[in-house]
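Taken straight from Swiss-Prot:
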REGION    1-102  region 'Disordered'
COMPBIAS  39-49  compositional bias 'Pro residues'
COMPBIAS  79-89  compositional bias 'Polar residues'
DOMAIN    96-159  domain 'bZIP'
REGION    97-120  region 'Basic motif'
REGION    169-280  region 'Disordered'
COMPBIAS  197-211  compositional bias 'Pro residues'
Amino acid sequence: MQPALAPHPSAQDHADQVLHDQLLAAQHQHLTHPQQARPQPPAPQPPHMQPNTPARDQNNIDPAISGATMLTGPPQTPTQPDVTGQETPKTYGKRPLSTSKRAAQNRAAQRAFRQRKEAHIRELEGKVKAYENMGEAIKALQAENYQLREYIINLQSRLLDSQGEVPELPGNIDLSQPRSEIPVPPIPNSGTTTTAAPPPTAPQQPQPPHAQAPTSNDDMNSLNRIAVAGLGMRKPPTEEANYLGNNFQAQARRVRPDEGQTEASELPKQEQTHGLPLIS
C-alpha cells in the first residue's frame, strides 16, 4: 500500500503550484487593467483545472469524495449572491407600493365618510329648521284663529244690538211666532177733561212686552249656544252663552226703563175709573 501512495504528494504539489501561478497571473492582470469594474474571481478557475489533476490520479482519489466536491461545491458559491442581489430590490420595491396604496385607499375612504356625514348633518339641520318654521306658522295661525273667533262674536253681538232681529235657526227651535209691536195710544191734552171710561183692554197692554222678553232671551241663549258650538271655542260654551246672554239682558234693561216710563206716563191718563179730572 505504501508504494501506491507515493505519487500523491507530487500531484498535490503540482496542483498547488498551478494555483499559485494562476493567482500571480490574476494579480498581474488586475494591476495591468485597473479600469475594469469587477475583476474576474479566481475561485471559479480551480474547478476547470480539477479535471486535469484527477485524470492523472484517478486511482489515488476516492470517487465518493470527488463526486461530492464536484456536485455540491462549485454550483452553490456563484448562484447564491446573484439570487439574493436580484430578489432584494424586488421585495424592497413592492413593500412601499403596497403601503402607499393602502394609505391612499384609507384616506379616500375617510374623505368619503366625512363627506357623507357632513351631508347628513346638513340635511338634518334643514329638517329641524323647517319644523321650527312650521311650528311658528302653526302658532301664528292659532292666534289669528282665536282673534277671528272673538271678532265674529263681537260682530254677532253688535248685529243683534243694531237690528234687534234673530237670524234663522235650525228646525229643532221654534221661532214661528212673529214679534208684534205695542200700539201706543195718542196722548190727550191737559186742558180737556176725559170722562169716558177706558177700554177694558187698556190695563192689559203692558203685559205683552214682559211676556215677550223671556222668549227673546231664550232665543238669544239658544242662538249663542249654537254659534259657540259651531265655532268650537276653547272656552266652555256655557261661559260664552252666559256672556252673550248677559250682554243681551243688559241691553234689554237699558231699553226697558224708557218703555216703563212711557207706560207709566200713559197709564194714569188712561185709567180713570172715578170719572173725575186729574190735576197735573
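Glycine residues also receive a Cβ, built from the backbone N, Cα and C atoms like all the rest.
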Arithmetic mean of per-residue pLDDT over the region 'Basic motif' (97-120):
92
May I have the DSSP-based helix, strand and coil counts for the residues of the region 'Basic motif' (97-120)?
24 helix, 0 strand, 0 coil
Three-state composition of the domain 'bZIP' (96-159), taking helix and strand from DSSP:
64 helix, 0 strand, 0 coil
